[in-house]
Amino acid sequence: MLAKRIVPCLDVREGKVVKGVQFRNHEIVGDIVPLAARYADEGADELVFYDITASAHDRVIDKSWVSRVAEQIDIPFCVAGGIKTIEQAREKLAFGADKISINSPALTDPSLISRLQDEFGRQCIVIGIDSYYDAETDSYKVKQFTGDEAATKDTQWYTQDWVEEVQKRGCGEIVLNVMNQDGVRGGYDIKQLSMVRAICDVPLIASGGAGIMEHFKDVFELAKVDAALAASVFHKGIIDIGELKQYLHANHIAIRL
Amino acid sequence: MTQESVSSSNDNDLTVIIDTGCANLSSVRFAFERLNANVVVSADFDVIRSAARVVLPGVGTAGAAMDALKQKNLIGLIKSLTQPVMGVCLGMQMLASLSNEHGGRSEQDITCLGLVPTDIGDLDSKGLPLPHMGWNQIDVGDHPLFIGIENGSYVYFVHSYRAPISEYTLASSTYGESFSAAIGKDNFFGVQFHPEKSAKVGAQILRNFLNMGTPQ
């Protein structure tokens, strides 16, 4: 049976892993490669590295650490941050990344998704979506350039429409990051994730809000996502990945132990 | 094109990864290097022919990958190899006779290497999300590639096409339908999953591969 995946996310800034609360006030958590190796040893199923400054500042991530991660860890990993061209994507994949994740540049130019898919196949094209609940209109909407508070802006996309659009254009996986709850650790947004799950035919990764082990159980059981991504609960040692996987296994969720 | 290995103690026991120009070359090489194997990436005929064992990597689409082999004149060479040859992911699919993965550019089935007589078709996930992406369990046969691997072990898959279950199935998995997680005939075999990304289980499979073949 296909296992549900536990995916630690390492937000990268200036070559270090950082974590902010609701995308603000980033603090350094540690070095990239040792943290990646530790998570692989503890049983992480996959890793995601986001260069949170790259899109907003029009910079491309320093590629050298991608290769160092690929040399040392034996689980899949995805690289995100400022990838706007086929060549930038090719470079990350050639250095050993299994997937590349596109967020803001896909909103600027949605044709990038289909061009990447034509070149590399959709299996390595992940679309990150930063979605928030807009209370005024009682709807879910997409934000862009969330890596930098000053640059963050609203888009014209409703989340449902963008989820449909990126699949039509050929993405292989979607990471849905729900901004309202990120860092607050109050649980994944089950309602929103369930809504997206219903219209998502590619693997769906839930992101944002994990605080306790039960949140992971809920998001797998109730929202039926394929993977759950989290950062601070792992970086700060609030949840141990090994213990989390034992807990999920005991609760009859398909997990690789 | 050839990268020199740092290892010198086992120069005759060379594992060659065929340089198909595809994206997962580095990952496969790194995985063998983690096992201290003497490994090079090469498209050189003599280097490939004299290897103790050969790896055919691949990601992307079958059509593009076969085009790459054609451009490098590698098709005849690969077919003539007598040492163990292991395809990985798309590399496994390329060992088959045909693939219906057109990549949107053609209606024609793609002619593959024809070394394992089976045809690659769509994975019928029976409504589950596609691609089949993540860690799934395999049941293994008694092929030397799977020595020490228990049934139910998890390995990492990423694919939307598959080899059906057939007499050439060496390992199987299920995602909607059951399909071949590994196929083989004679000295040619391949795995649909990514052993280079499959943690300890994958490392054991690669170690088993390194124990196959005769140093030249």
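FYI, residue positions are counted from 1 along the chain as it appears here.
Even glycines carry a Cβ here, placed using N, Cα and C.
Annotations in TrEMBL come from automatic prediction, not curation.
Remember, it's a predicted structure, so these values are computed and weren't measured experimentally.
Taken from TrEMBL as is:
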{"type": "ACT_SITE", "residues": "B:Cys89", "note": "active site, nucleophile"}
{"type": "ACT_SITE", "residues": "B:His194", "note": "active site"}
{"type": "ACT_SITE", "residues": "B:Glu196", "note": "active site"}
{"type": "DOMAIN", "residues": "B:17-210", "note": "domain 'Glutamine amidotransferase'"}
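Recorded features from TrEMBL, shown on the structure.
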residue  : record                   : Cβ neighbours (10 Å)
B:Cys89  : active site, nucleophile : 28
B:His194 : active site              : 25
B:Glu196 : active site              : 28
